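As written in TrEMBL, here are the features:
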TRANSMEM  6-28  transmembrane segment
TRANSMEM  40-58  transmembrane segment
TRANSMEM  70-94  transmembrane segment
TRANSMEM  106-133  transmembrane segment
TRANSMEM  139-161  transmembrane segment
TRANSMEM  173-194  transmembrane segment
TRANSMEM  200-221  transmembrane segment
Amino acid sequence: MGDRLRLAVGVMGNASSLLLFTAPILTFSRVIRKKSTEEFSCFPYIISLLNCLIYSWYGMPIVSYRWENFPLVTINGLGVLLEVSFIIIYIWFATARSKASYYKAYLMKVAAMLVPVILLFCTTTIISAFVFHDHHHRKVFVGTIGLVAAVTMYASPLVVVRKVIRTKSVKYMPFYLSLFSFISSSLWMIYGLLSHDMFLASPNIAATPLGLLQLIVYCIYRKKGIREEPSKWDIEQNEEKSKQLQVVTDNNTNDKS
C-alpha cells in the first residue's frame, strides 16, 4: 500500500513538474511574438536547468539504489531539454537587441550565471562517480547540492516579486510558473516524506511556503492599478525615433527655404 501510494504521488509529481517546466512556454511565445525579452529575467530558467541536471543525476542508478528514484530521471531529463530551449531562445532575442548597452551588460550577466552552473554539474558528477564508492555517500553529496539548487529554483521567481511590489504590476510575474511551482513542491514534499528521503523532502518543505507567498503577492497586486516602468530599450528606441524625426523636419525646412 505504501509503495503504491508513493508511486501515485510520484506520478502526480511528474505531471505537476511537467506543467511547471512547460509554463514558460506562454512567456516565450510572447518573447518570440514581440522579438524582445523585455524585462523578463533569465535567472529562473538557469537555476531550473541546474536543478534538473542535479536531480536527473541523483535518480540515476550510480547515485540512487537501482531505479528507486526513476520518476526523477524521467521528468528532470525532460526539464533539461525544455530549460535549454528557453535559455537559447532568451539569448537569441536578447542578442537581437545587443546594440543597446543595457542588453550587452545583461547578456554578460547571463553568461556569468550559465557557465558556473555547467561547471558545478560537471564537478558534481565527477566527484560523486569517482571519489565516493557507495550509494549512501553519493546520495548525501549529490542530494546536498540538489537541496540548495531546488530551494534556489523555487525561490527564483521572488526576484520578480520586488518589481511587482515596486510597480504594483504583475505584468512580468508569470502566474502559472508560481502556481505550478507551489503544486509541484507540495507533491514532491509528500513523495520525499513517503520515501523517507530528506534530500527530496527538505527542499520542497522550504519551497512550498515560498510558492504560496508568490501566489499571495500575485493576488494582492493583480487587481490593483498598473504602473509600468518604461524599459531602457524603449527609452533608447524613442530617442532614436526622435532624432530621426528631427532630421526629417530639418530636411523639409531646408527644402522649403
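Placed from the backbone N, Cα and C atoms, the Cβ positions cover glycine too.
Residues 40, 45, 48, 52, 71, 74-76, 78-79, 82-83, 86, 89-90, 174, 176-177, 179-181, 183-184, 187-188, 190-191, 194-195 of the same chain lie 6+ residues outside the transmembrane segment (6-28) yet bring a C-beta within less than 8 angstroms of a C-beta in it. Counting Cβ pairs under 8 Å to the transmembrane segment (106-133), the stretch among 40-58, 70-94, 139-161, 200-221 with the most such contacts is 40-58. Count of Cβ pairs under 8 Å against the transmembrane segment (70-94): among 40-58, 139-161, 200-221, the largest is for 40-58.
Outside the transmembrane segment (139-161), and at least 6 residues removed from its termini, the chain residues within Cβ reach (under 8 Å) are 41, 43-44, 47-48, 50-51, 54-55, 57-58, 63-64, 120, 124, 127-128, 132, 172-174, 177-178, 181, 185, 197, 199-200, 202-204, 206-207, 210-211, 213-214, 217.
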